[in-house]
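A.B. asks: Pulled these features from Swiss-Prot for this protein:
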- E154: active site, proton donor (ACT_SITE)
- E250: active site, nucleophile (ACT_SITE)
- C268-C274: disulfide bond (DISULFID)
- 23-313: domain 'GH10' (DOMAIN)
- 1-19: signal peptide (SIGNAL)
Amino acid sequence: MVVLSKLISSILFASLVSAAVIERQATSINQAFTSHGKKYFGTASDQRLLQNSQNEAIVRKDFGQLTPENSMKWDATEPSRGSFNFAGADFLVNYAKQNGMKVRGHTLVWHSQLPSWVSAITDKNTLTSVLKNHITTVMTRYKGQIYHWDVVNEIFNEDGSLRDSVFSRVLGEDFVRIAFETARSVDPSAKLYINDYNLDSASYGKTQGMVSHVKKWLAAGIPIDGIGSQTHLALTALASSGVSEVAITELDIAGASSQDYVNVVNACLGVPKCVGITVWGVSDKDSWRSSSSPLLFDSNYQPKAAYNAIIAAL
């Protein structure tokens, strides 16, 4: 009788575990996350990845937002002056619309992946005209289709000073005003972001530089809606700058520790202004740093322990 009782208990336990696994498999991370009042749980992608059936199936099931990994960057959209190419970006935006996903426009102004013809500009009026035209053309094409734009990206040094770039050299920090005011005039409904990495501590120079500059720019009337951070450790400090929202924008974690991923999710849940999280890719196979296995799905597109831990935490 005792043996039978133990057998029944074991069967019941196994059934409960199986049911839990099935429930996890049927649950979308995006649905679980947004059930807590957040806007989305997203990922980075592009046409090549969305045409991979294994990758696409995961994107469609688990994510509610897409960030183009490369197809909206300047070298992709305007490789030569006045000559625009939107093929890759169009594919991603259309896919997102068809599947009810939000899109993060990434990125309008960045010192990297910048065509040499832009980097070579030395005249203030020329660069101002080029900057306005680029932002206007790209944003007009997707007006009303982009939830938020990374208007300026990675513009700070580690000490919080402005990074040297063609934009800061020729225009000083006024390029920030030009970019945001142009973006607001083109698509008033889009959320406009400043995005950066290594915002790891409220006391870190880069974080302090971000917060102080954003406070100053907001006071001057520059229309910055949000700060995007590629980590989660200083969300409260970033939110204190006066922006209406913050987001975790390019998340990957070397080794994909379950606890670290859960900590990120809990950090966003704990900051009212944090609207969402975007992981930088689906599978380790396609990650820009694949050797460190930083994502939620392994190289065979199978969910890792961190994926299950997030679902369990939500």
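Just so it is clear, glycine is given a Cβ too, placed from its N, Cα and C backbone atoms.
Situate these features within the shown structure.
C.D. replies: In the three-state DSSP reading, E154 (active site, proton donor) counts as coil. Around E154 (active site, proton donor), a 10 Å sphere centred on its CB holds 19 further CB atoms from the protein chains shown.
The 10 Å shell around the Cβ of E250 (active site, nucleophile) contains 24 further Cβ atoms across the protein chains shown. In the three-state DSSP scheme, E250 (active site, nucleophile) falls into the strand class.
Here the Cβ of C274 (disulfide bond) has 23 other Cβ atoms within 10 Å, regardless of which shown protein chain they belong to.
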A.B. asks: Return the residues near C268 (disulfide bond) by Cβ distance under 8 Å, restricted to its own chain and a separation of at least 6 in sequence.
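C.D. replies: C268 (disulfide bond) has long-range Cβ partners K38, H232, L235, I248, C274, G276, I277.
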A.B. asks: From the Cα of E154 (active site, proton donor) across to the Cα of E250 (active site, nucleophile), what is the distance in angstrom?
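C.D. replies: So the Cα of E154 (active site, proton donor) lies 12 Å away from that of E250 (active site, nucleophile).
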A.B. asks: Across the whole of the domain 'GH10' (23-313), what does the mean pLDDT come to? Round it, please.
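C.D. replies: Looking only at the domain 'GH10' (23-313), pLDDT averages out to 97.
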